[in-house]
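Below is one structure, written out as structure tokens; the observations come after it.
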Amino acid sequence: MISANLLIIYGKYYKSHFTPALFSGYMVKSFTHLIHGFNYFFGVQSVQKSVQQIQSVFSRKDISYICFLVKDNMKGNIHIPLFIVAVLLLELSFVGGNVAVAQAPDAMVKQVYADDQLIVKFNSDIAISRQQTGGITIDNPQIRDLNRQLNVINAETLIPNNKAGGSNGSASSRPPVSQQPVLYTFGDQINVNEVIHILMKTGFYEYAEPNYMGYGGSECTVTPDDAHYNNRQWGLHNDGTLTATSVEGADIDMEKAWGITTGDTSVVVAILDSGIKLDHPEFDGRVWVNTGEIAGNLLDDDGNGYYNDIHGWDFVNNDNDPVDDHGHGTNLAGIIGATGNNEIGYAGVDWKSKLMACKVLDENNSGFYSNWISAIYYAVDNGADVINMSVGGINFSAAMRDAVDYARSHGVPVVASMMNINSEKVFYPAGYESVIAVGATNPDHTRASPFFYDAASGSNFGDHIDIVAPGNYIYGLNYKGNNDYNRMWGGTSQAVPFVVGVISLIKGMNEDISVDSIKSILYNTAMDGVGRPNEDIAGWDKYHGHGVLNAYQALSKLAVTFIDQFICSGEDYTFPDGVVLTSIIENVKHTSMLLSQNNCDSVVVTSLKVTPVYNQLQEISLCSGEDFTFPDGTVVSGISEALTHVSQLSAASGCDSLVTTVVSINSVYDFEEEVSVCRGEDYTFPDGTKKENITGDISFISMLKTISGCDSVITTNVRVNVIDLAIEVSEHTLICNTQGADYQWINCANGGLAIEGEINLTFEPSQAGSYAVIVTKGGCEVRSECLEVTPLGVGGLEQRFVKVYPNPTCGELNIETNLLGANFSVEVTDLSGRVIDVPISFKSSMLKINIDQPAGIYLLNVYKDSDVAIFKVIKEL
């Protein structure tokens, strides 16, 4: 059966170098138009030859459909190249055949890019800041105005957050926000070159470039099932039987390499591709887990700018599910890390490393540079040790160059494919100096040209190639199922993971090795002069680079001896390479690179385990009278006073330790307290017991425990504050017998209201009534009984007939009355009743006297016949 499906997408998201305004699109109805379409696609130069090819295809009876979307707005012959927007997928498969094409070579060399996006980088003097929403704020009104005119609807950096979550990156090592690549998204399609010209003319940008599209660099087919490792994985162990041209031993010497190491679980390999089938049994326990995230809570727990990125990130769909929907990425992941010795499927190069899934290619095996760039930063900052990029695009990007340089500066090698069009055409990222560029070989060590699926294909070559590895007739895992091991792939994409796998093994042996050292090992141990004589010449050449990858020689170059050494804290140590560390107090791992007599590097990894030499201060609190056992076994009983004890100990490692124990004593309290309460009050004791209406002295014992757990006894003696209170009457004055207190006289007949101003020891009522006094002393208050009082004056003489003023007085006192005459007299006495002689003068109805006495209270008695009126007079100074 043959089926042909040609998908042509035009409009907003993809474009070639043709003008999008020419497209509105309708079905081509004429066979002539279809011929011209295939003339363009297959790159055939003449229409007649094109017709012959179309007729040969259409002679098959089981064609399903071929659809072109074009616009016929020209007369005469239609030149389909002017109307095809982007050819994304052509899949031809034959049962029993050997052809499968995912991208036509022509599609790979077109300048395909997004027609509504640009990648820009501002000059260093342009201030920008990151918004919480993920976009940026540009602190330049001219740029903002121009962006509005150009209809820029979104601007965001390709590095989502300045916090680096992994071991390789940190916020301080990242380029500042103002120097990070920024993705502009426009509201409409733009003329990309024209807008770039406009932006660069402003002088505000270091660069502005299209958001190019690139592709995965390999193809795939299906063959009948057969044995898996022994006769299929020729790149690891070539028995010479896979193809007619296979040569026994033309592999990377993997079995001998596994005799040195099969990997280390601490190594993380980032695979920037179409995703990974995460649930494949070959990857059981092998998929990287971001321990800084809590699965399922939809939060960015580790603050790296990606929520719930448990196993990586899908940069194509901007979500946390980087599963494979094409197959390219799963195949590469299997070459790198399919678990070996597990009785199923295939064996990867590295059996123990962790695989980080970074999905940057869509279901058509294509993807935008912007996603590749973001994924590189993500991989580095989240702890990747090596990056696999089996992808390529023909356009140089300064932003992607900066990203791979960032990886190298953090010790993370980036390995990329040369691509597969059998030319010197440079594809990126392989074309960058920082990247290890990998070509592909056949099962006989020759350059893969052609690949099994297309006579026109072949491993690219050129001045930038570094090394080659197996890349043709490569069986691998299937992303659609766990039991299908019959997929065969071919391309430089498949060569890259062989190199990445070996780098992963090297990293597992020496985690601190530099990118330059890795390159040196790979290049100096590569097999040279094993390809076609006219291509693989001695030394570096543009077809094989430094030669064919040799895993065994590379790992042998890095032969490692591991030493575990225990030392006492504070000691010095000299490593095999002569490096001396002094006063070591923490565990140390040091790698010594030594040169043997045959000029081979050997590596000694020394792990120093520090045994503490304790000089420890131990502070202990005890209750008085308790016992204690010190670290050296000494027992002291009934400790009642503070003490210090030094214990000298010896560890199994022979390291002495001193423990100084300082014992402090918490008293067992027997405390007595005195408290005072008013009669009838309540009181709560220290243990919480409450006594109500206390009328007499009592003692109470409270049993307590302190914070330190020691018992305490508190005896509380409660004393009742008793106020002896009585009122005496002296003539017309009420006198309180309680000295040294506060007083307030009250009118009992008026609801017990206080009498304003009457706050002295004595009180002389001005009228008859019932009176009492409130005495406050020592915080207690008591009220006297009420006394009935008769007002001053007897007989029929009333005070209202006599007016005395001023009162208080400084001496002179006026007595105004109409009672002057016979039998009228006045008398002044002090409170004891002693008569005071005062001068008296009369004037009409006014009588004047002068009290020339000390300040105090005096009584003025006014007599008329047998009646008397008595006035209290206050003499002031």
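Glycine is treated like the rest: Cβ placed from N, Cα and C.
Since we're looking at a predicted model, the values are computed, not measured.
Per TrEMBL, the features are:
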- ASP273: active site, charge relay system (ACT_SITE)
- HIS328: active site, charge relay system (ACT_SITE)
- SER493: active site, charge relay system (ACT_SITE)
- 265-547: domain 'Peptidase S8/S53' (DOMAIN)
- 804-873: domain 'Secretion system C-terminal sorting' (DOMAIN)
- 80-101: transmembrane segment (TRANSMEM)
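For HIS328 (active site, charge relay system), other Cβ atoms within 10 Å of its Cβ number 30. In the three-state DSSP assignment, the secondary structure recorded for ASP273 (active site, charge relay system) is strand. Taken together, the residues of the domain 'Peptidase S8/S53' (265-547) have an average pLDDT of 96. HIS328 (active site, charge relay system) falls within a helical segment according to DSSP. The Cβ of SER493 (active site, charge relay system) has 34 neighbouring Cβ atoms from other residues within 10 Å, across all protein chains displayed.
Mapped onto DSSP helix, strand and coil, the domain 'Secretion system C-terminal sorting' (804-873) counts 0 helix, 43 strand, 27 coil.
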